[in-house]
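What TrEMBL annotates here:
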- A:71-121: domain 'NADH-Ubiquinone oxidoreductase (complex I) chain 5 N-terminal' (DOMAIN)
- A:137-419: domain 'NADH:quinone oxidoreductase/Mrp antiporter transmembrane' (DOMAIN)
- A:6-22: transmembrane segment (TRANSMEM)
- A:34-55: transmembrane segment (TRANSMEM)
- A:88-108: transmembrane segment (TRANSMEM)
- A:120-138: transmembrane segment (TRANSMEM)
- A:144-162: transmembrane segment (TRANSMEM)
- A:174-193: transmembrane segment (TRANSMEM)
- A:251-269: transmembrane segment (TRANSMEM)
- A:275-297: transmembrane segment (TRANSMEM)
- A:309-331: transmembrane segment (TRANSMEM)
- A:370-394: transmembrane segment (TRANSMEM)
- A:414-439: transmembrane segment (TRANSMEM)
- A:451-471: transmembrane segment (TRANSMEM)
Amino acid sequence: MDALLLPLIVACPLLAAGVLFLSAGRMPPLPSCVIGAGSVGLSALMAVVLAIGFLQTPPPTGALHATLWSWMQVEGFSARIAFMLDPLSLVMMLVVTGVGFLILLYACGYMHDDPDIARFFGCMTLFVAAMLVLVFSSDLLSLYIGWEGVGICSYLLIGFWHTDTANVTAARKAFIVTRIGDAAMLCGLLLLATRAGTLDVASVLQTVTTRPADLQAAIAAFLLLGGAVAKSAQVPLQTWLPDAMAGPTPVSALIHAATMVTAGVYLIARLHPLFASIPVAMTAVALIGLITLLLAAGSALVQTDIKRILAYSTMSQIGYMFLALGTGAWQAAIFHLVTHAFFKALLFMAAGAIILRVHHRQDIYQMGGLAHAMPGVFAAFLAGSAALAGLPLLTAGFYSKEMILQGAWHADPMLWAGALLGAFATAIYIFRCVFIVFFGPRHTEPHGRTGAIMAIPLVCLAVLALTGGWMEMPDAIAPVHLLSNLLSPLFGAPMPEGPHWLLWAGSLVPLAGIGVAWMLWQPRTGTRTPPENALARLARAGWDFDTLYDVLIVRPFTTLGQLNQTDICDRLSDATAATARAGGRVFGRMQSGQVRRYAGWIAAGTVVALCLGVRP
Amino acid sequence: MSAASPTHALLLATLLFAVGMLGVLARRNLLLMLMSIEIMLNAAALAFIAAGARWHAAQGQVMFLMILSLAAAEAAVGLAIILRLHSAGRPTLDADTGNRLKG
């Protein structure tokens with residue numbers, strides 16, 4: 001029964017996607033919404049049933065397996081399409097279906113007057129199905145199917161409003177940049193396959209533990225890290241994420257905040273014994289995380305577009321998860337993944353509600369004073385911001401970030417200091433956004449109301465963003481370790497907690513950040529214009545990685561392409577075509593239409609043939 | 001007058017064939033071209049007769065009858081095409097004007 005539910009959870013949104021795509025856009029809005037949100041809701045329901053069953057009577061092997069079919073079977077290699085439910089995929093399943101359902105519900109309200117709503121829900125449900133394949137797969141090759149599936153859905157949805165060239169360019173950029181990582185990842189998978197003869201996760205990890213880590217394993221780990229870095233928008237392949245905000249806001253909430261971008265984190269957590277056996281890979285993961293979280297937080301400090309603030313904030317928070325992975329605090333990474341999914345989806349959806357009501361403006365300096373006009377959205381945004389900043393005790397973000405900081409402290413106090421600096425910047429940039437958008441003079445008069453169908457997901461996620469952290473607390477506050485205990489069969493016992501003053505530092509820094517933000521951007525004396533010095537401009541452009549890549553890679557490549565446009569290979573095919581054309585011209589002249597000339601050719605041919613035949 | 005030897009008959013057949021072919025190549029009138037083709041067919045038939053006489057075999061005459069019927073059929077088709085062209089509004093019998101199918 002349980003093993004049967006597993007493929008059903010995937011099949012439900014997949015089927016919905018099929019129906020929605022096959023309707024070829026003729027499906028009216030209401031059925032589209034019902035099919036889209038309903039199918040994911042059904043999946044969420046089955047996921048909850050499955051999770052309750054799993055927690056009440058855990059399977060003896062620690063995981064539930066459902067092998068669908070054998071994909072390929074050749075000498076020395078085999079691959080299966082197989083699903084598995086272990087504690088890690090259980091957590092991911094609940095996040096993907098639960099948050100996914102809330103966002104799709106919100107999208108019903110957000111997209112209700114869009115003419116292409118059926119296509120929208122088709123892509124969204126297909127995304128959920130692909131993401132579920134990704135998290136359920138017990139074979140890395142079928143995980144790769146999900147990995148590519150979410151990539152293509154991301155591409156389709158960023159470019160959803162495809163009549164605008166900028167959106168299409170953004171979609172292409174996201175696809176190409178993540179593809180660079182995907183290519184690296186595929187190479188890494190093939191390298192692992194040559195070692196283990198299969199890509200079954202258990203067997204691959206078995207090889208890691210039985211054979212000492214060698215150069216080949218290290219290269220494979222780094223290639224996989226490349227894939228994870230591109231998918232999760234970490235330095236140096238992070239440039240696609242801010243542009244991906246061109247998509248509709250529910251897309252940003254679901255794909256570019258809550259689920260898809262955390263796939264890299266999931267991949268590393270899934271293969272953690274491989275990474276743990278290679279210390280230099282672990283250091284690389286931690287450093288990538290730290291650099292990303294600081295750079296992205298710096299960029300978020302000076303953005304003017306509300307969605308771009310949240311995009312850089314997403315990069316920064318996933319940087320925290322990478323830092324946790326790199327320091328071996330696997331539980332902390334997954335915990336932060338979960339709480340981040342709650343509060344970042346909430347922030348995006350609240351931002352979407354604001355954008356809808358201020359005539360599709362996204363510049364925070366054009367908003368201002370919205371707290372009175374939309375108190376409900378303000379409360380939701382404030383809850384999300386508090387969770388993101390990590391307001392002590394009250395919010396989910398505090399507990400998960402605290403766990404990461406503890407892990408960083410155990411690995412290296414320098415990492416801890418960097419992460420703390422990031423936490424300080426996080427509190428500043430998100431409350432800068434809050435103070436500028438909701439306080440002070442009003443620049444744009446909001447219109448309409450936020451409908452119930454959009455408000456319900458906001459309320460649910462606000463509650464989760466505040467209370468979701470209570471499943472895991474430091475011993476100093478309350479000895480609750482629900483998530484660690486759930487994940488411990490996979491990841492081992494969590495690290496011991498550090499000294500008490502770490503907790504105090506982690507609590508006071510966000511408060512200090514909020515204080516600084518209040519001093520700088522409070523309504524009466526604060527600045528109300530974007531900063532315009534050279535550093536701010538550099539940070540606003542995402543530290544100019546785009547320009548760098550343009551000069552280093554894109555331009556040489558296009559120049560090479562132009563040079564190569566009339567290359568020798570083209571000449572070869574051109575020559576063939578020219579020969580055929582010339583021959584046609586010559587022999588075409590024989591077709592004069594004169595019957596007598598034809599008869600003459602026939603006679604001449606006969607004479608030649610006779611001469612050849614009679615020749616002694 | 002001695003009986004014509006097969007060699008003579010073959011010579012005559014060659015001559016007839018050359019006359020017919022010359023007619024096809026040189027004449028522009030469709031009707032005359034058709035007649036020239038008949039002459040070529042008859043030359044071929046004569047060659048069969050001569051060969052049949054040379055080897056005392058019946059097949060030569062069988063082939064003659066066959067060619068005779070073939071010529072009749074060919075004439076019927078050819079004349080029908082000419083009539084069809086005429087009714088389609090081409091007043092002339094000049095073969096060189098029907099060159100619209102050139103490449």
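Here the Cβ of each residue, glycine as well, is placed from N, Cα and C on the backbone.
Source: prediction; values computed, not measured.
Look at the domain 'NADH-Ubiquinone oxidoreductase (complex I) chain 5 N-terminal' (A:71-121): DSSP puts its residues at 29 helix, 13 strand, 9 coil.
Stretch with the most C-beta contacts under 8 angstroms to the transmembrane segment (A:120-138), considering only A:6-22, A:34-55, A:88-108: A:6-22. Mean pLDDT, taken over the domain 'NADH-Ubiquinone oxidoreductase (complex I) chain 5 N-terminal' (A:71-121), works out to 91 on the 0 to 100 scale. Contact check: the transmembrane segment (A:251-269) against the transmembrane segment (A:370-394) gives fewer than three Cβ pairs closer than 8 Å, residues 6 or more apart, which falls short of the contact criterion. Counting same-chain residues at least six beyond the ends of the transmembrane segment (A:88-108), those with a Cβ under 8 angstroms from any Cβ of the stretch are 9, 33, 36-37, 40-41, 43-44, 47-48, 50-51, 54, 120-121, 124-125, 128, 131-132, 135-136, 248, 250, 253-254, 258-259, 266, 269-270, 334, 337-338, 341-342, 345, 349, 352, 453-454, 456-458, 460-461, 483, 486-487, 490. Same-chain residues lying 6 or more positions outside the transmembrane segment (A:370-394) and placing a CB less than 8 Å from one of its CB atoms are 313, 317, 339, 342-344, 346-347, 349-351, 353-354, 357-358, 401-402, 423, 426-427, 430-431, 433-434, 437-439, 442, 445-446, 450, 455, 458-459, 461-462, 465-466, 469, 477, 506-507, 510-511, 513-514.
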